[in-house]
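These notes are about the structure you will find just below.
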Amino acid sequence: MRLLLLLVGLSTLLNHSYTQNCKTPCLPNAKCEVLDEVAACFCSTGYTGNGITICEDVDECNETSVCGDHAVCENTNGGFSCFCVEGYQTSTGKTQFTPNDGSYCQDVDECNETSVCGDHAVCENTNGGFSCFCVEGYQTSTGKTQFTPNDGSYCQEIVNSNCHLEHDCIAANINKTLKRIGPITEQLTLLHEIYKNSEAELSLVDIVTYIEILTESSSLQGYIKNTTSPKDAYFGSALTEFGKTVNNFVEKNTHEMWDQLPTNRRRLHLTKLMHAAEHVTLQISQNIQKNTQFDMNSTDLALKVFVFDSVHMKHTHPHMNVDGGYVKISPRRKSAYDPNGNVIVAFLCYRSIGPLLSSSDDFLLGAQSDNSKGKEKVISSVISASISSNPPTLYELEKITFTLSHVKLSDKHQTQCAFWNYSVDDMNNGSWSSEGCELTYSNDTHTSCRCSHLTHFAILMSPSTSIEVKDYNILTRITQLGIIISLICLAICIFTFWFFSEIQSTRTTIHKNLCCSLFLAQLVFLVGININTNKLVCSIIAGLLHYFFLAAFAWMCIEGIYLYLIVVGLIYNKGFLHKNFYIFGYLSPAVVVGFSASLGYRYYGTTKVCWLSTENNFIWSFIGPACLIILVNLLAFGVIIYKVFRHTAGLKPEVSCYENIRSCARGALALLFLLGTTWTFGVLHVVHASVVTAYLFTVSNAFQGMFIFLFLCVLSRKIQEEYYRLFKNVPCCFECLR
């Protein structure tokens, strides 16, 4: 037993590395300490062992989560340090920390850094990191939905079939293309670069982009002016390259893409293209030194240039043969001229561009412009003729004559000589016009014309029933006169229904609102229908017309429903009925207009008038509700006439059949104009336009306010009595009333 106790005591002493007064040296990672009056070697903090023979480092990092969340532990001799993982930082801003110093790891918001994701991208912070997403209209270069800057991804523009509708997309593509070809300063190389790009498969946005570059880029046209190469062949090559480039933009296989554009946008870009083609051709040709002729012929574009000096001017007759026809320029004769002058005459022929410039969207209330008939089509090539002379008065145009073959037979149709009329400062309003041109001969296959100015020419075909210029002018005067008279009559009606207390009733309330709606519609029409120079203002006017005309229709419908309720003798609550009448009369048109605008706001306002475009059948957002209301009114009309006929026959059995029919006819006529069934002529004019439907529709609707005044006020016995009371105290008026 004593031996066992001795062994235990020795073991304890050894474990404490007992030596008298630590006579045995302690290890470097140990220190001598007195415990219970006994000196011994003990390992320092962070180490374990007997202090004499061994002191091993303690790996604190083996302990789970010793550093807390979002941190990693790093063991050191006699201790450890904590570091925040990527995407986190210490709360105290230190690089490293220990758990007992009050620090912890918190998320770093990388999105606070400007442009951390690069161009056209947005940053989204996440716990311990962030993700990048491309903005609308862009996608990652690697096809990923999200990315980080260090994975090699970046945002690039999405070029798709709908991109042409977005201005930002076009602008971005133009800038990108200019950056790529901008460093090229040599003219032929630049034209060749654009031509080479146009030879590849093109999207609509590519075509529009290159047209904008040709139109707006000063690098091309400016360098043309500064080029001094003496080689005419050099510039001939430039003209060839340029002609092929334009051809690639207008050849037939691009028409399907062009058709994707709204009519006004398509016309705008084609106008820019034709203007740029004419301008650049003249600019290049100015550098040709010799008297020469240049021809270029491609699939859908032909080009011919005459360059001559004043010495050869009398013997040069600029002309161009055009696919079975020709075009010829005749200058004014002069007795004296500058012997050092020079002249350039350029012709371009676009063989297939005509259908893209045909008219399609100019219908409103039966009125059509003399410059753009409702169903006109281009049935020939489009030719361009331009002159540049130095000095400018050296070679002035007297006339241009041309004969063009028809691409379609013109049987039972009339042809017209026309030119593409546009302003260089505003190319949005390009349209066909016949001003300054006259037809000299026409048959089923060819038409000959003579014009007094230069631009782009073509032959138009329109149905023989189309409205002629004289008819259009007459219709315009009828519309203006009728609306002015109607406004006066409607103003009298509004005054009558508003201020004559003796006639106040539900029916006069309906009449008052109907007259107000129609008054505002016709006032906006008279003032703003032709304010088409500002697209935004024109769209607002079209929207107001859409709303007020629909409101007038709604109150017309209410009139029919109310008369039906009276005739059939249904019992109704007056207050409830009035409330619902106002809701239907003013809210339902607003719903229709709002819904239509949300689906196709760009169809409010055309290049001709501030009305709804017929493109994509958008005009039916007005005609549809109008037809529905007309149908409801016609049904109510039938019931009312039937009831009135029976009622009249029952009350006056002694009245002859003629008088009975006349009584019914008077009421029928009143309802016919009052309830707007004359708008049926408008629908007929849309479906089958003719001079007859145009006159019927224009007269019946322009004077609708006058008809309302006649039937609601003049022929009303009660209102006659009110007018008598009003004017009987006025001597001059009383004598007239006697």
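Each Cβ is built from the backbone N, Cα and C atoms, and glycine gets one as well.
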*Annotation N-linked glycosylation site in Swiss-Prot: match it to one of Asn15, Asn443, please.*
Asn443
*Is Gln504 annotated in Swiss-Prot on the same side of the membrane as Cys610?*
no
*Cys73 pairs with which of Cys61, Cys84 in a disulfide, per Swiss-Prot?*
Cys61
*Just choose from Cys22, Cys26, Cys55 the cysteine that Swiss-Prot connects to Cys43 via a disulfide.*
Cys55
*Quick one: which of 162-212, 264-314, 315-365, 417-467 does Swiss-Prot have down as region 'GPS'?*
417-467
*asked:* Counting across all protein chains present, how many other Cβ atoms fall within 10 Å of the Cβ of Asn175 (N-linked glycosylation site)?
replied: 13
*What count of other C-beta atoms do you get within 10 angstroms of the C-beta of Asn443 (N-linked glycosylation site), across all chains shown?*
10
*Look up Asn443 (N-linked glycosylation site) in the DSSP assignment and report helix, strand or coil.*
coil
*For the glycosylation sites listed here, Asn112, Asn297, Asn421, which shows the highest count of neighbouring CB atoms within 10 A?*
Asn421
*Among Asn62, Asn429 [glycosylation sites], residue with fewest other Cβ within 10 Å*: Asn62
*Counting only residues 6+ away from its ends, which parts of the chain sit with a Cβ under 8 Å from the transmembrane segment (523-543)?*
364-365, 426, 428-429, 480, 483-484, 487, 593, 597, 601, 604-612
*Secondary structure composition of the topological domain 'Cytoplasmic' (502-522) [DSSP: H/G/I, E/B, coil]*: 19 helix, 0 strand, 2 coil
*Between 0 and 100, where does the mean pLDDT of the domain 'GAIN-B' (292-467) sit?*
81
